[in-house]
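In what follows, a structure is listed as structure tokens, so that the remarks can point back to it.
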Amino acid sequence: MAQKQQTLHQQRPFSSSPRSYSSISNRPIFLLSRNGLLLVLLALFLLLGVFLPWPGSPLLLFPNKVSSPSYASSLSPHAKSEWRNYTLAQAAKFVATNGTVIVCAVSSPFLPFLNNWLISVSRQKHQEKVLVIAEDYITLYKVNEKWPGHAVLIPPALDSKTAYSFGSQGFFNFTARRPQHLLQILELGYNVMYNDVDMVWLQDPFQYLEGSHDAYFTDDMPQIKPLNHSHDLPAPDQNGETYICSCMIYLRPTNGAKLLMKKWSEELQSQAWSESIRFKANDQPAFNLALNKTAHQVDLYLLSQVAFPTGGLYFNDAAWVKETKGKHVIVHNNYIIGYDRKMRRFQDYGLWLVDDHALESPLGKLQ
């Protein structure tokens, strides 16, 4: 990690300290002289620059967004500018280990969930592969302040004020960009694992990525499957639909995986959010359409249900959880809507790690 940090700073010199103006302060200032007046005006300008946002800064662009002092950043304007110019290619190169990147997409209201997920990832020794795709500037600055190089923002930034609910227009806008992000990483030549941050790792998932398939994914249906179930894409139901989750995906940089991401993006672009279909207004239906339309061209692999259970099974069938104890790898806190309800459920099941184990996260305690 130390070597990575050194490389990062060699490529992009950062400084969180204000520029020194000692040479100015040592110069004589004569009252009413032209030079003295200019220096007084310069000092006033610098003073205002420290305490007021400059035009075009995130603070001015989003005056109501930085409302939580707990996520305020101490980065200097220069450092913020450097992180705004940080590219996905730079970020992926920095975090990739053995050609693999682990990606999540986060807006600032979900920083506690990011931290909770990171604790679980760190326990499996895979945190250095993590790249946080920040959906707002608060997240970009906070993550890179605490953990330099591990967050990147791909413009445009989304509204950072709201924790989007499943089915809302904001949630649709948030998730609709996902296949493009993943495709860009594949085009750079990396394997990529995507996770939602309302997940917790209980074991190392990489040992379950058997073979060399193009794409790996999980079933979102809560109906119990046999332990030795097929790893093929499930057959569509009577409505012609499959219910694969877009929450946990692993992709290799193959033509098949790239084709799947392109088709997913096309399906998303062909649908628009509306109130009448708001409970389907997320990227998952489009992902399933893309899977079914490319199934004969892409090498697909359905991951084990017992290892990667949907929240509709794990949190609703205590008997099954007991029978399969020790076999669970990643638990997804879905089949529930609402930030507070998700947090309470994690707490009820002993999976909310932030309160007692924050120091195990690369971000530490978020303040």
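Easy rule for this one: first residue shown is 1, then count along the chain.
Heads up, the Cβ atoms here are built off N, Cα and C, so glycines get one too.
Here's what Swiss-Prot has on this protein:
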COMPBIAS  1-10  compositional bias 'Polar residues'
COMPBIAS  12-21  compositional bias 'Low complexity'
CARBOHYD  Asn85  N-linked glycosylation site
CARBOHYD  Asn98  N-linked glycosylation site
CARBOHYD  Asn173  N-linked glycosylation site
CARBOHYD  Asn228  N-linked glycosylation site
CARBOHYD  Asn292  N-linked glycosylation site
REGION    1-21  region 'Disordered'
TOPO_DOM  1-35  topological domain 'Cytoplasmic'
TOPO_DOM  57-367  topological domain 'Lumenal'
TRANSMEM  36-56  transmembrane segment
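Ranked by CA distance from Asn85 (N-linked glycosylation site), the glycosylation sites Asn98, Asn228, Asn292 have Asn98 at the top as the closest. Counting other C-beta atoms within 10 Å of each candidate's C-beta, the glycosylation sites Asn85, Asn98, Asn228, Asn292 are led by Asn292. In the three-state DSSP assignment, the secondary structure recorded for Asn85 (N-linked glycosylation site) is coil. Cα spacing between Asn292 (N-linked glycosylation site) and Asn228 (N-linked glycosylation site): 23 Å, rounded to the nearest whole number. Here the CA atom of Asn98 (N-linked glycosylation site) lies 30 Å from the CA atom of Asn228 (N-linked glycosylation site). Mean pLDDT for the topological domain 'Lumenal' (57-367) in this predicted model: 89.
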